[in-house]
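Since the structure comes first, as structure tokens, the remarks are kept for the end.
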């Protein structure tokens, strides 16, 4: 193949990658510029306008952003830690000591994700009400953990399967117990994978909106509830909604950028052999 | 409360324990009310002014949950149906109030304070919130529907909008505006939903002599009145309306009209305040208004809706909640808003006394139209032929939310050109029939 040919191919792939990236990023970009418009400008398609902080001022005056953000941080960190704590031992036993039903259990776990959440709203609501978990941070951590656990177990399971069994066996022969095996060998070896699992859990629980809106009202309300309060069927709200959304996604977007390398490495871990 | 860090003597401990107990006592004596509110300008203003109430009642603290209409409805229904008591005051509409009262979910609004002056509250609004002769919610703001049009374009084309237009006239004007005015002749709701396109269409059907059900709860969606009305609506919007009308709701039409792209718009009276506000509207000095158009009867030609404050039976703080609800719907509160934002922005439609204020009449030229529309909208007598239900732009039964939206989706489909009007109405008829048969309404 000639040099010119491969250059052309390189050019085409680059162009495709860029257009896809722009396509994905465009709505976020549009939200960003809308948040700096006035309500009236927000309904026009122009990109040339006098930027204003009016919507941000309004949003800060109307609701207590820090309290919502604090809840979001507490909830997503709690969910990530709790899920990993439960998923790692589960995945360990499934990957290294599979029983005759392990595959079926894995599939069954995934099947719980296939039901629409609203289907169990009333039973969950009643359970939460009777155990005093409504509108509490711990109540939301529990429900999010239950939702995200299948994903966490599946991901950890996949990463653990990449770890050669022989290394763990060698450690066992040398007298290491299960905990030593997990902490000194398994976790360091699958760290990139587990880190990206953690990041994914963090992002998923940050963005979850259905349960947070239904199970919290004021004390435990995270940023998704904060956004939901800015949409309106009667009245102009796009600029304020965009400002609120920008404030809500900013922390997690910054985190995503910082952890980009780790995330990509973890998600493609074991993809090429 | 922080623990003391230094070692303490027994006496000190007793004093500390005593003061701690006192502190917790006084803390529990303060009542916290959680209010589920809708995100609209009037409610946001209420939230802003609420500290005045807290100052007058230092033992009551207010906690706000502000949500969008559909989310709010789902959230509040879940709470009330499971008797969870997370909310002490709820914002509900004319549709919910009688249905929830019938189920025993709400405290009646009786024993109001002497200076509340209940007779000053517009009667049709009170009737819409009553069940079995008892009032179950106090209206916070009330809206009806009316016609908005562009005065400048009308005079340019030599047209005059009568105070009480008919739909035939509206169609003629729409044609002229589209062909010679350089704008879309008319903007109407097309987005599917019982509170979206069906709100407008129900008024159109009422005034053309139609109804949702006959006295025996048989749906009449395939009747000639429905065919005539829906056919007229689809034809009007397809010929003279904006492109993609089937996805336009209140906000989309508000934007179109406020940016000068629509010649006429028939929608909620609450839009008047927004269209007259030069900060939000480019046509603030060019808006004219008229009553909602009529067909063969004026009955049910304009709708009635009020966002109202109610107290769920699950609340453990009825007395404090009632105190707040009365404050938020009082004459004094209206004056407070007038002082803060000016008279144009006071919650409309609730009290006759508001409309008697010379300042309000001056600041809001649309005031008398709004009051007239609200007072003449009677939810218990909205159709030419008799019906077994109450409600103008809705049928006051729980099943309506679901089948109303299904009918709305079929008609929206016809407007988009995906199906014919006849097929849409046939599907709607079947859906409505299924719902009332399952609900055991037909005897």
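Each residue, glycine too, has its Cβ placed from N, Cα and C.
Within the chain carrying the transmembrane segment (A:12-33), a Cβ under 8 angstroms from the stretch's Cβ atoms is held by residues 47, 242, 245-246, 249, 253, all 6 or more beyond its ends. The transmembrane segment annotation in TrEMBL covers A:12-33 (among others).
The domain 'ABC transmembrane type-1' feature in TrEMBL is assigned to A:69-259.
The transmembrane segment annotation in TrEMBL covers A:73-93 (among others).
For A:105-128 (among others), the entry in TrEMBL reads transmembrane segment. For the transmembrane segment (A:105-128), the list of distant contacts is 94, 134, 139, 143, 147, 149-151, 153-154, 157, 210-211, 214-215: same-chain residues at least six beyond its ends, Cβ to Cβ under 8 Å.
What TrEMBL records for A:140-161 (among others) is transmembrane segment.
A Cβ distance under 8 Å defines the sequence-distant neighbours of the transmembrane segment (A:182-206), meaning residues of its chain 6+ beyond its ends; these are 72, 75-77, 79-80, 83-84, 87-89, 92, 144, 148, 151-152, 155-156, 158-160, 162-163, 167-168, 171, 176, 222-223, 252, 255-256, 259, 262-263, 265-267, 269-270. Annotated transmembrane segment per TrEMBL: A:182-206 (among others), in sequence order.
Look at TrEMBL and you will find A:237-259 (among others) tagged as transmembrane segment.
Here the transmembrane segment (A:73-93) has long-range neighbours at 137-138, 140-141, 144-145, 148-149, 152-153, 155-157, 159-160, 182, 186-187, 194, 197-198, 201-202, 205-206, 212, 220, 222, 251, meaning same-chain residues at least 6 beyond its ends whose C-beta is under 8 angstroms from one of its own.
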